[in-house]
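Beneath this line is the structure, given in structure tokens, with notes to follow.
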Amino acid sequence: MKLLLIDAGNTRIKWAVVGSDAALGAWEAADGAPHAQLDAMAASWRAAGVTRVLVSNVAGPEVRARIAAALPDGIEVEWFASTPERAGLQNGYLNPGQLGCDRFAAAIGARALAPGEDVIVATCGTATTVDAVTKDGRFIGGMILPGLVLMATSLARNTAQLPQVQPGSAPPPVFGDNTDDAIVSGILSAQAGAIERACSEHGARACIVSGGAAPYIAPALKLPHRVVDNIVLVGLHAAAIA
Ligand SMILES: Nc1ncnc2c1ncn2[C@@H]1O[C@H](COP(=O)(O)OP(=O)(O)OP(=O)(O)O)[C@@H](O)[C@H]1O
Ligand SMILES: CC(C)(CO)[C@@H](O)C(=O)NCCC(=O)O
Ligand SMILES: [K+]
């Protein structure tokens, strides 16, 4: 049996194919692309011969319909949803269904990677979310803030590209002495500061940082952390095999 995991975010669709008794996160194949490239992704899914799919979609009904139409015929489809409990994780949202299903999946993934620890999981994509999971397996709640590119564009600078920041590079000084550095410092400090505040408030023993913007934000963090390529897919995998 081959399982397809899909994380449809607001900008990109990320996916992985995994064998039936593979270790957590041990993908046979994985990739991601903007929504517009769904057809090419679907060709890869068909070629992989998947028999079951678990989809987390936070990109709305139109993207859901397009994914549904692109999935190979005859496979078992589950649209992953935020429920009161899944894979040993309790959902502490007042209205459990209101929690973005990618956040619920990320929390399941964080618990799988840091079992028995109080953990903070930050997923840095179009939006950045920073969520707290307790050592006894409860999603408490978290923060939602604009992602790096949304913050940069909201300052009405020329492009969606961040000025002068490269993934993995050292962040500029906290007090920038030119406009570009001041902007980059402002938005990195907002993102990293939110994560650090969450870790401090939660007394976290583990901090997981994931998503397309993680390689930009992680170097600005002044606390121990682990960068995980796609924690949502890891969580979907954990949920599928629980
Ligand atoms: N060149 C870049 N410069 C700065 N940030 C970038 C760059 N490329 C990607 N990012 C960041 O990564 C994000 C895309 O990440 P990713 O594909 O993981 O998530 P997403 O699908 O866009 O988001 P979500 O899952 O939250 O909907 C962008 O919104 C941006 O914040
Ligand atoms: C916050 C995002 C956009 C992050 O992808 C997504 O999880 C979402 O649409 N959430 C719904 C609102 C909530 O989680 O409270
Ligand atoms: K996100």
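The backbone N, Cα and C atoms fix where each Cβ goes, and this holds for glycine too.
Since we're looking at a predicted model, the values are computed, not measured.
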Per TrEMBL, Asp7, Ala8, Gly9, Asn10, Thr11, Arg12, Ile13, Lys14 bind ATP; matching candidate in Thr123, Thr126, Thr128, Thr129: Thr126
Cβ-Cβ neighbours of Asp7 (ATP binding site) (radius 10 Å): 31
Integer Cα-Cα distance in angstrom, Asp7 (ATP binding site) to Thr179 (substrate binding site): 35
Spatial neighbours, same chain, of Ile13 (ATP binding site) - Cβ under 8 Å, 6+ residues apart: Ile6, Asp7, Gly32, Ala33, Pro34, His35, Leu38, Met41, Ala59, Val63, Ile67
Check: same-chain CB within 8 A of ATP site center, minus Asp7, Ala8, Gly9, Asn10, Thr11, Arg12, Ile13, Lys14, Thr126: Gly32, His35, Val58, Ala59, Gly125
In three-state DSSP terms, the structure that Asp102 (active site, proton acceptor) belongs to: helix
Residue from Gly9, Thr11, Thr126 whose C-alpha is spatially nearest that of Arg103 (substrate binding site), among the binding-site residues: Gly9
